[in-house]
Ligand SMILES: Cc1cc2nc3c(=O)[nH]c(=O)nc-3n(C[C@H](O)[C@H](O)[C@H](O)COP(=O)(O)OP(=O)(O)OC[C@H]3O[C@@H](n4cnc5c(N)ncnc54)[C@H](O)[C@@H]3O)c2cc1C
């Protein structure tokens with residue numbers, strides 16, 4: 001028996017998210033008195049695979065197959081299920097990101113395993129196995145009991161700190177036999193040079209209070225200075241002020257950065273549903289009664305067009321730019 005952690009890699013590299021998952025999985029394994037096996041799919045070199053040992057993986061399996069070159073949720077589900085069965089894993093940890101969301105429910109059906117999705121803390125108890133998650137668009141918390149023998153957890157990004165917990169890791173490469181994918185990906189064109197919103201640790205986001213698409217300059221500058229990404233509320237993308245991929249919220253992207261700076265955003269529940277997992281929320285709004293201040297740890301009551309340039313100057317001074 002072990003805790004199995006599915007760790008995604010991007011062109012052979014792990015990201016912070018992968019280390020969060022392994023840190024989390026190894027803590028769950030400690031609670032259960034067992035070991036942690038990480039599984040990844042694709043071409044990853046030994047040095048990179050070994051990094052997972054630093055965060056608590058006892059064993060790393062790297063599955064390789066031409067048929068698994070691109071994410072195919074059915075084939076990836078079958079592969080992870082096979083590894084889970086071979087390893088006798090009773091708990092499987094997967095990210096609650098887009099690929100995790102496409103794999104975990106399939107895995108749940110295949111293994112007849114209860115699924116705790118969007119979990120944000122270590123289990124509250126292992127007997128009964130009880131996980132903690134946000135519910136009702138982040139307005140409440142739920143304690144969910146997973147009653148099946150095998151359990152699946154999808155972990156919310158950025159909800160669990162990376163913990164160093166060095167282990168003597170055993171790395172194994174598996175030439176994995178699998179069917180050919182039913183859907184063939186002919187070409188993948190990746191966006192390069194741009195930080196993905198879902199990967200960003202700092203996000204600067206604008207709402208209707210920005211007044212016009214022409215006012216985004218200081219907001220973009222602040223995001224760039226902080227090494228972050230830009231986002232927006234839904235009406236802003238609906239108006240065509242900003243691209244749709246920046247829209248966060250219930251009907252847009254769900255993000256959980258360390259810092260979310262909401263500028264001219266009222267804080268409607270549908271918006272908060274997408275950002276409530278952020279570690280810190282800073283609100284800039286000229287209405288001190290705006291609901292965003294109820295969820296923000298820090299707030300500035302003021303005109304965005306005056307506050308943003310001052311923030312940009314302050315950050316430049318700190319960074320010596
Ligand atoms: C089914 C459904 C799904 C939805 N999904 C989403 C979603 O995924 N994401 C989303 O964002 N919304 C979503 N919405 C819309 C949501 O209800 C809100 O209407 C929307 O979030 C409001 O966007 P906003 O905060 O930019 O604009 P507003 O609500 O208009 O707020 C603008 C804010 O800017 C402030 N302001 C004005 N001038 C200034 C200034 N000069 N300086 C500083 N502050 C200023 C105002 O005080 C106000 O608080 C959804 C709605 C429905 C019905």
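Cβ atoms here come from the backbone N, Cα and C positions, even for glycine.
No curator has checked TrEMBL annotations; they are predicted automatically.
Annotation source TrEMBL lists FAD binding site at 208, 233, 234, 264, 265, 266, 267, 268, 269, 270, 271, 285. Sequence-distant neighbours of residue 267 (FAD binding site) (same chain, six or more apart, CB under 8 Å from its CB) are 283, 290, 291, 292, 293, 294, 295, 296, listed in sequence order. According to its DSSP assignment, residue 267 (FAD binding site) is coil.
Within the model, the domain 'Electron transfer flavoprotein alpha/beta-subunit N-terminal' (3-188) carries an average pLDDT of 94. The domain 'Electron transfer flavoprotein alpha/beta-subunit N-terminal' feature in TrEMBL is assigned to 3-188.
With all protein chains in the displayed structure included, the most crowded Cβ environment within 10 Å among the binding-site residues 208, 234, 271 is that of 271.
Under 6 Å, Cβ to nearest atom of ligand 1: this is the test, and of the binding-site residues 265, 267, 269 it is passed by 265.
Neighbour counts of Cβ atoms within 10 Å were compared across the binding-site residues 265, 269; the minimum falls on 269.
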